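One structure below.
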Amino acid sequence: MSQNVNPTADPTKMGLGRSIAVLTSGGDAQGMNAAVRATVRVGLYTGAKVYFVHEGYQGLVDGGDNIRPATWESVSMMLQLGGTVIGSARCKDFREREGRMKAALNLVKLGITNLCVIGGDGSLTGANQFRTEWSGLLVDLVKAGRITDAEAKKSSHLNIVGMVGSIDNDFCGTDMTIGTDSALHRIIEVVDAITTTAQSHQRTFILEVMGRHCGYLALVTALACGADWVFIPEMPPDEGWENHLCRRLTDQRARGSRLNVIIVAEGAMSREGKPITSEQIKKLVTDRLGFDTRTTTLGHVQRGGTPSAFDRILGSRMGVEAVMALLEATPDTPACVVSLSGNQAVRLPLMECVQVVRPNIFQPAVFIICRSFENNWNTYKLLAHINPPDVKSNINVAVMNIGAPCAGMNAAVRAAVRMGLIQGHNMLAVHDGFDGLAHGQVEPITWTAVSGWTGKGGSMLGTKRTLPAKILEEISQNIAKFNIHALVIIGGFEAYVGGLELVQAREKYEEMCIPMVVIPATVSNNVPGSDFSIGADTALNTITATCDRIKQSAAGTKRRVFIVETMGGYCGYLATMAGLAAGADAAYIFEDKFNIKDLEVNVEHLVAKMKTTVKRGLILRNENSNSNYTTDFIFNLYSEEGKGIFDCRKNVLGHMQQGGTPTPFDRNFGTKMGAKSVLWLTEKLKECYRHGRIFANTPDSACVLGMRKRALTFQPLAELKGDTDFEHRIPKTEWWLKIRPIMKILAKYNIKLDTSEHTDMEHVIKKRSPLGK
């Protein structure tokens, strides 16, 4: 959240006497509507007047009915819609000073001095130019007699805040732009469909995705589906790539693969600057190898469809931060862009972001690249080597799944296995968790054995909840029997507790003195040491999609309230985030205590809502939020209190939240976590090698690999004990609790938004690092 210039000020009065306009410009992107909705509702919450600008900058120039007041109800049912409801257009008029003068006139006449622009770098550059010229435009308007001196004085300063909406993720300074995650969802859906037909016929498929100047979509797709090759503008292939590509495809077929997948960004080019097209690649593969080859160009399907849960949450959080940035701005505050860094919303100087040009790596220039792009590229490069070294390390690394299954586990296993083989290690698969380790269900696992695992849900290795405490003797014997030198434990809270028990057993069992790493993988997102767990994003999208259908049903029936129970144990992450993504009226969770008075307030809120045009309600309840206020109790209470006003339905989602194919985020996250864990273990093994054997008994030789704010970090299991509520199986500190108020404000509850948490205006150069450092 943002820092209020006056922390004691009432946030519901920050916007009194002020007006905010919101527009979407340039290419559309899924999630823009979530940003518009949040901007409108938070603007109204602060007491400001809020206006829609329809058809982007063209609407700003044309004025009239294109600039209309926005109401709370006018942004209802927007969250799940793709594109932009208020329209977008390319505008030649705004590029000319006369057009910008018309736009300024329209804003001055309506008293609008705060403009929120959602678009790409071109749209945001135009916004900054408009702000820079503002004083001069007002002078010219006064001279022309089109506005009075009093009107010019009242509108003497224009505040601009931008949000980046672009499926290409090509804006410097932010980890993700609005629309990128949804575009990846569309692409991965196609990749999964293509994979089945390609395997049936032993085909090679070449998939062309958007990305004229930025290869982010292509790169993440390649990483998420384990593509054989990827062509992107930033990384032109070396000379002689044709031979290298053909050799790699041949090797894959020789290893037993029935298909090949090649991903091409539309802007891919050679080192000579010549385009590399999908048709050119198809001709190469067909002529040289004789493979049955097909090409698919996705085109605008990548821009379409329902926004993902991530994009809805991102758009909502950015909208809140944008309004706060506008209302806190002074005449000396530079125009800023609201962006995402890790799980934090940050503000960056708009023009600093726009002016950072991303040169290609092969050019003799200081190369600066977005951190997420760099991490993805480095991981893909490592995993693309399909020939393990001839010299073996004689190290045996075991991989296992613990706890409930979740989507993305298999991607982590695949990456860990292949990275281990690349390092020269022997990789061992442990089936059925600690039970399997105790009973000797351990076997070597090869490169081809994990082919295609990134897109498979559940756990291919098998997983159980059994903890090791009661079977330590058997586990230690099998660690010795199979000569296991390091352990990768992928799972939820049981994996974390199991790792702790193995560490504690080091005093008694010397066999446990090996490096080990725990990778959080659970839909509950409740493992200490990580802001995100593999599998939570897939579960969140499942819940959000279900809530969309439920809201549609409620909207059609009118005066209906749905109560939906989500998984998560005692952790309210899924209920909270799904509530924000689906536009819920309330989300009951264990961490945020509630009582009968709170339930009464929620009922009164729904009764009032039924008097508006939005005659429906959605309530989420985390399964263990309260032992007395059960889903049935809340359903009965709402049914009784809503008699004659609304009726109720309930839905317990259950294990469908654990199933399905992994989302692009979980595939990508699992792949990076699996690869990084083995690289870390390799270094630890070198440190722990003493007198011809491995001996690891220091706290930092057994860690949780987690995402913390902006980076993947390794934290000793022993050190995380202090931040763990073992009784309720949750961390004591949970970052996402800070954004719960946003959901309540967007649902029109009369609560106070904490604006005291500090967010400095950051600088792009500080947020970026040279490749390889």
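Heads up, the Cβ atoms here are built off N, Cα and C, so glycines get one too.
Quick look at what TrEMBL annotates:
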- Asp168: active site, proton acceptor (ACT_SITE)
- Arg465, 522-526, Arg560, 567-569, Glu623, Arg649, 655-658, Arg729: beta-D-fructose 2,6-bisphosphate binding site (BINDING)
- 20-325: domain 'Phosphofructokinase' (DOMAIN)
- 396-680: domain 'Phosphofructokinase' (DOMAIN)
- 1-385: region 'N-terminal catalytic PFK domain 1' (REGION)
- 396-773: region 'C-terminal regulatory PFK domain 2' (REGION)
Do any residues at least six apart in sequence from Arg465 (beta-D-fructose 2,6-bisphosphate binding site), in the same chain, have a Cβ closer than 8 Å to its Cβ, and if so which, in order?
Ile402, Gly403, Ala404, Gly433, Glu494
Model confidence over the domain 'Phosphofructokinase' (396-680), averaged pLDDT:
95
List every residue in the same chain as Ser524 (beta-D-fructose 2,6-bisphosphate binding site), at least 6 positions away in sequence, whose Cβ is under 8 Å from its Cβ.
Gly492, Phe493, Ser533, Ala536, Met567, Gly568, Gly569, Cys571, Tyr573, Leu574, Arg729
So among the binding-site residues Arg560, His655, who's got the most Cβ atoms within 10 Å?
Arg560
Quick one: pull the CA-CA distance for Arg560 (beta-D-fructose 2,6-bisphosphate binding site) versus the residue listed as 'active site, proton acceptor', whole Å only.
39
Sequence-distant neighbours of Gln658 (beta-D-fructose 2,6-bisphosphate binding site) in its chain (C-beta under 8 A, six or more apart):
Ala404, Pro405, Cys406, Ala407, Gly458, Val523, Gly535, Ala539, Met567
How many Å lie between the Cα of His655 (beta-D-fructose 2,6-bisphosphate binding site) and the Cα of Asp168 (active site, proton acceptor)?
34
Below 8 Å Cβ to Cβ and six or more residues apart, same chain only. Which residues does that give for Asp168 (active site, proton acceptor)?
Gly120, Thr177, Thr180, Met210, Gly211, Arg212, His213, Cys214, Tyr216, Leu217
